[in-house]
Amino acid sequence: MAPTIESVNQGNGGFEGNNKRSDRFVKATWKNKLTALVVDNGELCRVLERENLRAYGVETVAVETGEAAVELIASGSTFNLIFIDMYLPTMSGPEAVRQIRAMGARSKIIGLTAFITEKDEQDFFAAGIDEFFEKPLDPDWFVPIIREVDNQI
Amino acid sequence: MRKFLLTVAWLRMLPSLRQIFSSLGALMDIGYAFVVLTGVGRMDLIVKGWQDFGSRKPVLNLTPSPSKLEYIFFHNVFSQGKKMAETDVKQQIKDYVQTMHEQGILDHNFENVQNLQCQENPHFVLEIIDMFCRDAEICIAEMAKYVDEPVVDYAKVTGFIHQLKGSSSSVGGCRIVVACRELRKATENKMKEGCLEACNKIKREYFVVRDNLNAIAKMERSIHTDDAMAGIF
């Protein structure tokens, strides 16, 4: 059964990043409780993407396939951010994004790939992503995205 | 060994003196240090117990059984020694990773992995290294298999290149990333010879990264076992 993710709360005091690692990470303080979904069939990439986001205070769920992601959204789970790999087995990243958008999801969707090519970029943006980056996740680019989402809520 | 224990007893006294009015444990340390220094305590038997715990967790091998004072002293000195050993190993890892940077074998992404290690997951770096090596070897074997076939399935090869490049870049294996780009280019141009050459390069670069990551993993493991303590004695 797909997990239920709590909807975003408008907190008063702010939600702090995981300050158990604060001696190395910039202590992230968000106005809202942020949630993210990571979709990557590579175990190592999936684990690192999830842990990177959690380190910055984003409650993150990680799944292996596009189908699992679509099922999660279809079950009613909502996420502020979705990080999705281009190349997924069976259901590709662009196809999963198309289905997620067709369900009315308004999450900020960030496409990921090992190699950015012009064709992949066009396909992925046409499917409905908002941003497209080469792996791995780097705080230099994903923290501003999280901040932007936090400010928009 | 006796001189070492005496030295440690003196060193332990210094912080204890500062805590003398706030810590019963510190008072016990001072009391016990006095006992040890004046030869009143069971010095011979404590030495035996010390030697015993070098290989396993500390066991105070005393007959009759250790008193509370003896146990506390023993435990405190052991903890101090363990912390010193751990600090040494962490510095060794830091220096080693720096060397890898300078040689262009690892980039800053490996430090990002290290930064994700925390108290809740103290073995995170070890897990990532294991995961990377396992995944990389599968990818490399599959790529080599497909490239070796009379008719190369370039689409399949591309899938594995993506996977290997993604995981390599995530752990900072920048040279493997470069080799993956070369293989990607060869598959785009559908050049079998180019693919074979690039595959071999990926293997070579992977072995270099793997060996260095395994060296780091060995050092990480030593922090989590009593091996670090055995090095002191």
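Backbone N, Cα and C atoms are what each Cβ position is placed from, and that goes for glycine too.
Unlike curated entries, TrEMBL annotations are predicted automatically.
As recorded in TrEMBL:
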type: DOMAIN; residues: B:121-223; note: domain 'HPt'
type: MOD_RES; residues: B:H162; note: phosphohistidine
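Mean predicted confidence for the domain 'HPt' (B:121-223): the pLDDT average there is 95. Neighbour count (other Cβ atoms within 10 Å of the Cβ, all protein chains): 21 for the residue listed as 'phosphohistidine'.
Broken down by DSSP into helix, strand and coil, the domain 'HPt' (B:121-223) contains 90 helix, 1 strand, 12 coil.
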